[in-house]
Amino acid sequence: MKVAVLGAAGGIGQALALLLKTQLPSGSELSLYDIAPVTPGVAVDLSHIPTAVKIKGFSGEDATPALEGADVVLISAGVARKPGMDRSDLFNVNAGIVKNLVQQVAKTCPKACIGIITNPVNTTVAIAAEVLKKAGVYDKNKLFGVTTLDIIRSNTFVAELKGKQPGEVEVPVIGGHSGVTILPLLSQVLGVSFTEQEVADLTKRIQNAGTEVVEAKAGGGSATLSMGQAAARFGLSLVRALQGEQGVVECAYVEGDGQYARFFSQPLLLGKSGVEERKSIGTLSAFEQNALEGMLDTLKKDIALGEEFVNK
């Protein structure tokens, strides 16, 4: 199994590469690419870690050598959020970066599963889909927006509030990956109950957690380490499913049946060819139903922005 990380010299990319080097199954290959000249050195640095994962780094304009034979491509390239910016302020720079990289994926490893980490995910996934469609290689079961950070944050915050072990809590998060489009389904968390106030406060904290990190880093970056962990969890789940492990479920932002929006984050059963089954979002509480209806306009606008960027 070969995994390529594009944007591997950045804060998320380096954290992700470290976790993959230590956790990918023995015999895997890890390929690191970034425009930054330091990238081959990041690979050399990681190559000294004693795990049976081969690693190689590539830099420059052309990602082709890094992508050859890749089964999974994780894209974290782009600029990070600064205080006062929201994820959509990143659009102008990151849209072009994602478009360019996905064009290279379409050419070099069109059958790979692609995980988009670069924000704004609501929009960059739509860009990736349109680029792949134009190239005639789009498979909606193989393109994912990585929203796992919303899930791990939800698990952490719920566990803290309720005095549970974080590993015991799994919160499904649906919708999108910014602001009001992030909807944790707290009513579906097993063995835990919340007051209405707790639900309102937790939902808001989960939606604004990225901003919490941006402000705490005081202009020195955004959530890179927790995002690296989240992306590694998703990437490793995908690898396990591609290798035939049964019953691997993760939430991610994918093209579904369009019931709510063209792209929507929901629980997915992963399998040998990417998404095996888009699982139902289940029964929502009145609060969740209301939040779902209230976010769809924002989500649809985010998606349209990405579609127009490619097709203008």
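Heads up, the Cβ atoms here are built off N, Cα and C, so glycines get one too.
As annotated by Swiss-Prot, NAD(+) binding site applies to GLY7, ALA8, ALA9, GLY10, GLY11, ILE12, GLY13, ASP34, ASN94, ILE117, THR118, ASN119, MET227. Annotation source Swiss-Prot lists substrate binding site at ARG81, ARG87, ASN119, ARG153. What Swiss-Prot lists as active site, proton acceptor is HIS177.
Feature map: annotations from Swiss-Prot on the structure.
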residue : record                 : Cβ contacts under 8 Å, 6 or more apart
GLY7    : NAD(+) binding site    : GLY13, TYR33, ASP34, ILE75, SER76, ALA77, GLY78, ILE117, THR118
ALA9    : NAD(+) binding site    : LEU32, ASP34, ALA36, VAL38, THR39, VAL42, SER59
GLY11   : NAD(+) binding site    : ALA80, GLY221, SER222, THR224, LEU225, GLY228
ASN94   : NAD(+) binding site    : GLY78, VAL79, THR118, ASN119, PRO120, THR124
ARG153  : substrate binding site : ILE206, ALA209, SER226
MET227  : NAD(+) binding site    : ILE12, ALA15, SER76, ILE117, LEU149
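Neighbour density at the Cβ, taken as the number of other Cβ atoms within 10 Å, is lowest among the recorded positions ARG81, HIS177 for ARG81. Geometry remark: HIS177 (active site, proton acceptor) versus ARG81 (substrate binding site), CA distance 14 Å. Looking at the residues that bind NAD(+) per the record, GLY7, ALA8, ALA9, GLY10, GLY11, ILE12, GLY13, ASP34, ASN94, ILE117, THR118, ASN119, MET227, the two CA atoms farthest apart are separated by 18 Å.
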